[in-house]
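Participant: After the structure tokens below, expect a handful of questions from me.
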Amino acid sequence: MKAYCVETAAIRYNLEKLTRLAGKTPIWAVLKGNGYGLGTGEMAKLCHEAGIRRFCVTEISEAMDIRMQFAQAEILMLRPTTDLGELQQMLDLDVIATISCSAEAAALNSLAGQRGTVAEVHVKVDTGMGRYGFMPHETEKILSVYLHNDNLAVSGIYTHFHSAFCNENAVFAQAETFKGVLNALIKAGVDPGTAHCCNSAAFLRWPELHMGGVRLGSALLGRVLVKADLRRVGRCEATVDEIRWLPTGHSTGYGAAWKARKPTRTAVIPVGWYHGFAVSYGDDIFRIRDCIRAMLRALKNMLRRKKLYVRINGSLCPVLGHVGMLHTVCDITKANCSVGDTAILDINPLQVRGMEIRYQ
Ligand SMILES: *Cc1c(COP(=O)(O)O)cnc(C)c1O
């Protein structure tokens with residue numbers, strides 16, 4: 001048996017905490033990447049129970065998972081598109097489109113015109129992320145979305161921070177640029193609509209940037225790179241399939257990377273890198289100093305030869321040798337462990353595959 005277990009109580013705790021921190025500011029729950037790996041539909045349900053009525057997605061399927069449950073929810077598509085099929089489905093599902101350039105505005109405006117409807121949209125501004133969005137100086141183009149597309153109704157405008165977890169100056173520079181765009185619109189006599197810029201890290205660090213809404217994804221799972229009193233959601237549970245004593249000199253795993261220096265009791269667990277275990281994902285090697293830190297950590301781990309653990313009955317059991325595609329072997333010489341016991345492995349939900357997601 002193996003499953004990815006999601007502690008519903010922990011998500012509820014995070015939602016309670018986050019809604020309290022947000023106060024009157026509306027939260028947009030970001031459920032892209034199939035709800036950060038946990039299922040857009042299930043996550044939407046928990047968010048809705050916590051009073052959240054606004055959602056962000058990047059796929060039509062995710063929008064559908066939400067719309068099927070909540071007819072009234074506001075759903076914002078974060079990924080702009082000119083694909084006719086997708087635009088049709090977005091209109092069918094009453095999804096708010098992101099308008100990021102004039103071509104997208106024209107495509108949706110014309111489609112909505114053909115259908116005799118008005119499509120609700122948010123305008124995206126590129127203040128530094130370098131993907132999606134009008135450039136801040138393209139005031140005429142932005143104004144044109146508001147003023148010259150009769151079948152578009154702009155209800156919001158947003159931008160996205162690239163370094164909210166690591167660079168305060170960059171965040172405030174982006175925020176200033178964004179405010180500049182808002183002011184230009186106001187000066188031209190246009191109501192910009194709801195302005196929003198914060199992701200989880202920015203939300204937790206700078207209340208003064210909350211504006212008209214905040215977009216929270218990783219914080220829902222308590223997996224955000226800034227300090228916060230949130231619970232980390234998600235862990236892999238797997239049954240110990242086999243236990244054996246390896247004699248001195250015996251190896252385990254490909255490349256015989258580990259050899260027993262003394263008789264060692266080992267457990268075989270049916271989870272490997274295919275399932276997302278020991279796949280590096282979290283090393284924030286964004287800056288030189290992070291690279292150096294990551295290298296030092298790798299070196300330290302190499303010297304210690306036990307960077308990975310599996311938890312069994314409360315004991316941390318070092319992983320032995322290379323993690324296999326579908327198996328992991330760990331040292332249980334000092335642990336209380338029998339066949340059939342449950343092993344707990346730390347896997348990022350975004351990396352999980354080949355096992356059931358189990359809410360409990
Ligand atoms: C993913 C995403 C978010 C949420 O980011 P987190 O850091 O996970 O909270 C917010 N806004 C946009 C545009 C995104 O793509």
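Each residue, glycine too, has its Cβ placed from N, Cα and C.
Curation plays no part in TrEMBL annotations; they are all automatic predictions.
So TrEMBL lists the following for this protein:
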type	residues	note
BINDING	Arg131, Met325	substrate binding site
DOMAIN	233-355	domain 'Alanine racemase C-terminal'
MOD_RES	Lys32	N6-(pyridoxal phosphate)lysine
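Situate these features within the shown structure.
Facilitator: Sequence-distant contacts of Arg131 (substrate binding site), defined as residues of its own chain at least six apart whose C-beta falls under 8 angstroms from its C-beta, are absent.
Broken down by DSSP into helix, strand and coil, the domain 'Alanine racemase C-terminal' (233-355) contains 26 helix, 37 strand, 60 coil.
Long-range C-beta contacts of Lys32 (N6-(pyridoxal phosphate)lysine), restricted to its own chain and to partners at least six residues apart, with a cutoff below 8 Å, comprise Cys56, Val57, Thr58, Glu59, Glu62, Leu78, Gly217.
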